[in-house]
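K.L.:
Got a structure here, written out as structure tokens. Questions coming.
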Amino acid sequence: MTAILQMRNVRKLYGDHVVVDNLDLEVQPGQCFGLLGPNGAGKTTTLRMLLGLTTPASGTLMLCGEPIPQRAPQARMRVGVVPQFDNLDPDFSVIENLRIFGRYFGLSSAQIAERVPKLLEFARLESRADAQVRDLSGGMRRRLTVARALINDPDLLIMDEPTTGLDPQARHLIWERLKSLLSAGKTILLTTHFMEEAERLCNHLCVIDAGRKIAEGKPHELIDSEIGCDVVEVYGDELEPLRDTLTPLAERTEMRGETLFFYVREPAPLLAALHGKGGVRYLHRPANLEDVFLKLTGREMRD
């Protein structure tokens, strides 16, 4: 199977600063591929190189069978892009935004007339077709941005932080719409800071930091290999003495702020020891992708 996207030994520098460092990526048709990393990891620069908007210092890139940046305009005709921030035209209605974008891709009036009603239905905006963009909620604008990115029936949909700033209801509706695209065979490249989003949608992940790949695999494989046990979060006062006492019951422990994390393969003894402890609260849960991300990239704030 021919990959829709390939990067081989791609490097990008700004001055003497290495932003992307010999990065390899490969996205197969039908995948939802998650590109994860903290702020400053190189995700945005990677996307810009893939689209031919900035040139790598070295390495090779292929997008939809086209070499990048040499044939980036041709490749972009087969790609849909959902940017991190909406760039809809506020002077036009919902339906006009879709029609105008269709013309950018050279679609005929007949093609636009056929596709627009289906995209309005996909975005659940049929009743708001004539509404002005400025009158839409944030969730509606985001759904319209996704629908607009599909106007050219792209081989690859690139989504940069697709649900940032949305409330939980709007976020779940976007997830449901994206799952319907994946069920229909679409290919998605996704960046996100919501680990739940990546765990729900992606069937393959790559974690980068400081421009380098530090982990890759399926979400459940990364959770098993990097964490491999349950997590008990403990909140309260005087956690250090509790840590000293209960550490033998855990594979490892970690203190961050006012939370003590126990990583345990057999949680029952630890839970029994915590039961009835005054001044503490605790939560026992399975390990998740956020645990993996924080283990790999650290818990320090990134600007």
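Glycine too: its Cβ is placed from the backbone N, Cα and C atoms.
Sharing the feature lines straight out of Swiss-Prot:
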- G37, P38, N39, G40, A41, G42, K43, T44: ATP binding site (BINDING)
- 5-235: domain 'ABC transporter' (DOMAIN)
K.L.:
Within 10 Å of its Cβ, which one of these binding-site residues (N39, T44) has the largest number of other Cβ atoms?
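P.N.:
That would be T44, with the most Cβ atoms nearby.
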K.L.:
Just name the most isolated of the binding-site residues G37, P38, G40, G42, going by other Cβ atoms within 10 Å of its Cβ.
P.N.:
G40
K.L.:
Taking the Cβ of A41 (ATP binding site) as centre, how many other Cβ atoms lie within 10 Å?
P.N.:
23
